[in-house]
Amino acid sequence: MNIKGSPWKGSLLLLLVSNLLLCQNVAPLPICPGGAARCQVTLRDLFDRAVVLSHYIHNLSSEMFSEFDKRYTHGRGFITRAINSCHTSSLPTPEDKEQAQQMNQKDFLSLIVSILRSWNEPLYHLVTEVRGMEEAPEAILSKAVEIEEQTKRLLEGMELIVSQVHPETKENEIYPVWTGLPSLQMADEESRLSAYYNLLHCLRRDSHKIDNYLKLLKCRIIHNNNC
């Protein structure tokens, strides 16, 4: 197929470069380099960049969870306590692809934005608390810092997408509130590590959901479900 001069060329090159950066664990390009107020990026490119960025965040979240699991939780059985205890569990998220495909497009976009907003505070405190740990593992801290920064960028990108797809939509500030800071500051090491494990487990879970949801939405909105 000759892509010279076709509208696919820019998107294809962007995805190729972004995939190379992901393989090298380098942050993807900004969703809108000029900032939201002066954004001239097309809807197709906004989705391309959001999908690449969400996948990058999920990869980092998975790596950070694995690092923490290996270093701190061997044989402690934290996983049994982490099930269904995420602060975003109250959100009505689709459980499989079929449910996701049946979800109203506007509600789907709003759901992704709500999940991203609900992670602003826990990610900020995660970075702050890990920095304060004795002998804070650099591999975990650096990933936490990067995830916090890139999640803000992804949220900005999603708000731009919503403004293009549904310009009549008013900003929705309703999202689940995280109340787990006291648990991260407990004096008892077992309880504190369990709280960290739960938070990282939930982050990995939610970043995976967003990654999948964005791919489905891109297929629906940009390619008219022809994927």
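Cβ atoms here come from the backbone N, Cα and C positions, even for glycine.
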Among Cys202, Cys219, find the residue that Swiss-Prot gives as the disulfide bond partner of Cys227.
Cys219
Of the cysteines Cys23, Cys202, which is paired with Cys86 in the disulfide recorded by Swiss-Prot?
Cys202
Out of Asn59, Ser118, the listed recorded positions, fewest other Cβ atoms within 10 Å surround the Cβ of Asn59
DSSP on Cys219 (disulfide bond), three-state: which is it?
helix
Of the recorded positions Cys86, Ser118, Cys202, Cys219, Cys227, which one has its Cα closest to the Cα of Ser62 (phosphoserine)?
Cys202
Going by Cα-Cα distance, pick out whichever of the recorded positions Asn59, Cys86, Ser118, Cys202 is nearest to Cys227 (disulfide bond).
Asn59
